[in-house]
Amino acid sequence: MTSLAFFVLLLACVVGYWINRRGAQAIRADGQRLHSLASYHGLFSALMILVPVLTLILLWLVLQGPVIDRLTMAALPEGALDGLDSGGLQLVLAEIKSISRGQIFGTPEDWKIAAAEHHVALKARSSALMLGAVIALAAAIMLFARSRVGAEFRARQGVERIVSGLMIFCSTVAIFTTVGIVAALVFETGKFLSLVPLREFLFGLNWEPQIPIREDQIAASGAFGWVPVMLGTLVITVVALTFAVPVGLLSAIYLNEFAPQRLRSVAKPILEILAGVPTVVYGFFAILVVAPAIRSLGTSLGIDVSPNTALAAGSVMGVMLIPFISSFADDALSAVPRALRDGALALGATRAETMLNVLFPAALPGIVGGILLAVSRAIGETMIVVMAAGLIAKLTVNPLDSVTTVTVQIVTLLIGDTSFDNPKTLAAFALGMMLFLVTLVINIFALRIVRKYREAYD
Amino acid sequence: MNDMTKFDRFVGLNETKISAQGVNVFYGDTHAVKDVSVEIAERAVTAFIGPSGCGKSTFLRCLNRMNDTIDGARVEGQIHLDGEDIYDPKVDPVQLRAKVGMVFQKPNPFPKSIYDNVAYGPRIHGLARNKADLDEIVEKSLRRAAIWDEVKDRLDAPGTGLSGGQQQRLCIARAVATEPEVLLMDEPCSALDPIATAQVEELIDELKRNVSVVIVTHSMQQAARVSQKTAFFHLGTLVEYGDTGQIFTNPKDPRTEAYITGRIG
Ligand SMILES: Nc1ncnc2c1ncn2[C@@H]1O[C@H](COP(=O)(O)OP(=O)(O)OP(=O)(O)O)[C@@H](O)[C@H]1O
Ligand SMILES: [Mg+2]
């Protein structure tokens, strides 16, 4: 039935298009000048039908479920639902629905079978009604659109208005999704802050979210200061950038200015492969190769190294960021006009001087923008640190110690037994909110720099 | 045309600064410059004229090896500067370019301050002993390029913020500041108004006292006004090369005559 409705819609659009176009062509055949091309008259009709009828079908499909459920429950015999709470009511409804689909377990009461039959009948009636409504609406619009056809009618502007409306709708979908995500975060964070004071969260130096989640559990009372967790994120980010920025920049400079064409054509794709490695795989690399190597190097030097170190997670994350920074820097360097390079070379500058004094400064805003984007990636990176960094929040900046990060804590807080009304779970949202804010600020910063860089040569 | 005859007297006195023998340039499969041989005189102005796309800029770039920086460009033949082969593997193109300066067809100031633009060459070549020295070089160069009065109050402003004609004169100042022995100028006046053009021509005239200037121009009048020698290029070949007076009054090749009288181009 639903597919029939869609078919009717399609048919109506095609017929509407055809009728209007014929109408317009007939006017032109009479020797009048049309304001819009005949095909615009056709399109006008098709779009006029498409948008409202499609909306009708979709709304109907969304709303018919709840409405039919209500009607089914309302038609149940007196007393059948006595003494049931909302969970019980849902169970009854689910049973009726499964009976109506022919899935019968045990021997249901007669009134349930009757209700199931009623449910089926309601559904059939709803489908038929929908089809009727679709046909009626499509026909009405088609007639209306046909009546508009005339030499003076501005069908092209009409079509353009509808199309631009559709485009506005599509672009607002993305905005509304973002707003929805932020709203959810803000809402849950608000709940968290009603349980844990903001001051304690922002300035507390202890992060021990191990609190009882059921009355009968025994655990400490918990502490929710985000400082050590954020510090862990910062330590790992700094370690990652210490590896990624010099290596990424120098490789970009080399590839862009000094590498022979042949090497460049091999090295660039390899760097891009590096960018395509899933972060889980980097995580393996960190725990299986890098962490043990750092540990054994540390013991041979007589330094105490914990099994999970910020250094291991950070350096592997740095490797992940190398292609990111390198390709950003490469793009920025390539965007510097050739004429500038020639100008410096013609003054007798060496290639190194040209790079250092002219190309690099000219590309710097773009490069900085790329680095800031890499920072926000490092802060948000989850998989590598879940696998290779620790779980215990320590207030330390020692990269040989184990630290935990905001993302790791969010993951650990939300896996396993959770209920969404205790501070432990809600803390994840508060952390997510802070992460969101920090990366937002960095991204705004990065975008502004990138924009400034765009203006440099225009 | 009167000026021209005035300069003619000097031509015979000058020795050869650059001598090119059988130069061919290829961009991939395109044969852009075909078997060009030219002797460029010391302390004189040589003009390259010819229709668009005939290889003037390409040949000019051979003289300071700027074609090296273009992927796929290949230069054949011999070019000697003061008797030394500039394409010899022993020659460092960086030192060559310090001696052979260049002003490009399109102005290309660095995105730095006006001061730093001009000071760049002297800085990398260590021409100034101290800040006062450098200041003096910058001022002198800007004056010679006839732009000092326009920018003296905003030497810290970015060079890219100037108008097109001002940028071109800034680039001329930048090239002059390194005190080159040869200055290659690729249509230096194409973005300039008549007043600035006259000033640049005055500069060229003055430079001629100790520098060899090679200028590419689309203006016959300019070539006639400033140069002592003129080379006419057509479709990648050097059609005719001789004293400016002779080229403009008594061309030997019918193509040269057709071009300077405006029939081809
Ligand atoms: N970088 C390049 N790559 C490939 N071909 C080029 C390149 N530069 C120039 N050419 C070709 O070489 C020929 C000569 O170009 P060139 O720039 O020397 O001409 P021109 O005489 O300076 O012209 P104009 O007066 O318009 O500046 C042209 O056919 C051009 O298409
Ligand atoms: Mg040119």
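Even glycines carry a Cβ here, placed using N, Cα and C.
Per TrEMBL, the features are as follows:
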- A:42-63: transmembrane segment (TRANSMEM)
- A:128-145: transmembrane segment (TRANSMEM)
- A:165-187: transmembrane segment (TRANSMEM)
- A:223-253: transmembrane segment (TRANSMEM)
- A:230-446: domain 'ABC transmembrane type-1' (DOMAIN)
- A:273-297: transmembrane segment (TRANSMEM)
- A:309-329: transmembrane segment (TRANSMEM)
- A:358-379: transmembrane segment (TRANSMEM)
- A:427-450: transmembrane segment (TRANSMEM)
* Among A:223-253, A:273-297, A:309-329, which stretch has the highest count of C-beta pairs below 8 Å with the transmembrane segment (A:427-450)? -> A:223-253
* Structure fact -> Per the Cβ under 8 Å criterion, with at least 6 residues separating them from its ends, the transmembrane segment (A:309-329) contacts 232, 235-245, 247-249, 251-253, 255-256, 271-272, 274-275, 277, 279, 282-283, 285-287, 290-291, 294-295, 363, 366-367, 369-371, 373-374, 377-378, 381, 384-385, 388-389, 398-403
* **Intrachain neighbours beyond the transmembrane segment (A:358-379), with Cβ under 8 angstroms and 6 or more residues off its ends** => 233, 236-237, 240-241, 244-245, 248-249, 253, 257, 317, 321, 324-325, 328-329, 331-333, 335-336, 340-341, 343-344, 349, 406, 435, 438-439, 442-443, 445-447, 449-450, 452-453, 456
* Structure fact -> Per the Cβ under 8 Å criterion, with at least 6 residues separating them from its ends, the transmembrane segment (A:273-297) contacts 305, 307-309, 311-313, 315-317, 319-320, 322-324, 327, 381-384, 386-388, 400
* **Chain residues in Cβ proximity to the transmembrane segment (A:223-253) (below 8 Å; excluding those fewer than six residues from its ends, i.e. six or more beyond)** => 196, 200-209, 267, 271, 310-311, 313-315, 317-330, 333, 355, 360, 367, 371, 374-375, 378-379, 385, 389, 393-397, 399, 403-409, 423, 427, 430-431, 434, 438
